[in-house]
Amino acid sequence: MVRAPNHVAHPRRPPAPPTRAAHPRRPPAPPTRAAQPRRPTASPNRVAQPRRPTAPPNRAAQPRRPTAPPARGCARRPPSRAPAGAPHTSGHVQDVDECAVRTAPTHAPRAPHPPPAYRRGVTDAVFPPGFFDRADPSPDTDFYGPPRLVTHIDDRAIAAVGALYAELGLDGEVLDLCSSWISHFTTPPRRLVGLGMNEAELAANPLLAAHVVHDLNTDPSLPFDDGSFDDATCCVSVDYLVEPVAVLREVARVLRPGGRFVVTFSNRCFPTKAIRGWLASDDETHLQIVNAFFALSEGFGQVTGALRTPPGTPGDPLYAVWAAAL
Ligand SMILES: C[S@@+](CC[C@H](N)C(=O)[O-])C[C@H]1O[C@@H](n2cnc3c(N)ncnc32)[C@H](O)[C@@H]1O
């Protein structure tokens with residue numbers, strides 16, 4: 001197995017933060033469950049089918065750049081700094097050694113899909129300007145054009161992902177967002193559907209029953225019906241999303257009520273494609289950032305965040321943030 005030769009390390013020192021502090025300006029408000037009207041619940045027998053064929057986004061309109069050389073890999077980020085005085089956001093993120101599984105909230109009402117402009121406004125009010133910018137703003141279809149049949153985290157971190165999926169019992173119909181050739185389940189779920197950027201990587205994934213190539217940064221909507229999945233996952237990829245709150249809102253839509261969305265990440269990334277706010281912040285802040293994405297989406301209940309590898313040990317750390325759809 002090839003170990004991420006192209007996953008360029010995070011620079012030893014994070015790049016200069018955006019002109020304003022790279023963390024939420026104020027704590028995200030918890031989802032206002034009581035105020036949200038309930039959305040119709042999907043038929044439990046519905047199969048997760050792509051709603052429409054996936055087309056390469058805006059190919060004609062966007063000039064194609066030469067393919068990025070695949071050897072610009074993920075660099076390891078500096079070790080997590082102590083969150084000196086950085087409070088956890090609104091108490092939503094648990095202590096980093098918290099490993100408890102949260103049960104799905106009893107069914108609070110689901111919110112209707114909001115107008116995108118409103119959503120963007122809420123996100124902009126929380127994160128500083130430039131937070132979602134990237135060093136390489138060219139179409140993701142260029143960067144992710146060449147298949148990368150590599151692993152992006154070490155074996156221990158991969159095992160931690162699989163162990164969490166098993167602990168949470170992700171065994172039904174599962175959507176793997178930002179998927180590639182490997183999905184880290186120790187026991188395959190009943191039906192796994194992958195969404196990612198590279199057809200060859202997805203086709204090589206032995207666990208996927210179906211897959212779709214779809215650029216979430218040009219279209220954060222998911223090509224699936226409401227309530228199509230029992231659970232969803234996104235491994236070491238949330239830092240590449242320029243509209244993560246819109247994507248999480250969509251994940252909540254395609255999940256059945258109570259379905260978990262499990263976001264995992266480490267301290268490696270493709271730095272030119274990661275959002276600046278992520279590069280400029282440490283591991284502890286990443287937990288809070290992802291927590292804020294969940295809260296701002298208003299589609300999930302209580303959020304749990306945890307370091308899933310033993311603290312202070314060598315190797316890639318594996319963090320997870322998860323919550324159940326309302
Ligand atoms: C570091 S890899 C992780 C792959 C896989 N989840 C894993 O655990 O090995 C990042 C993945 O994010 C996906 N990705 C990046 N940008 C994306 C976008 N705009 N839309 C959808 N997927 C994207 C890529 O296809 C790539 O497979």
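Glycine too: its Cβ is placed from the backbone N, Cα and C atoms.
As given in TrEMBL:
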| type | residues | note |
| --- | --- | --- |
| REGION | 1-94 | region 'Disordered' |
| COMPBIAS | 32-73 | compositional bias 'Low complexity' |
| DOMAIN | 212-263 | domain 'Methyltransferase type 11' |
**Request:** May I have the DSSP-based helix, strand and coil counts for the residues of the domain 'Methyltransferase type 11' (212-263)?
**Result:** 14 helix, 14 strand, 24 coil
**Asked** What average pLDDT is reported by the model for the domain 'Methyltransferase type 11' (212-263)?
**Response** 98
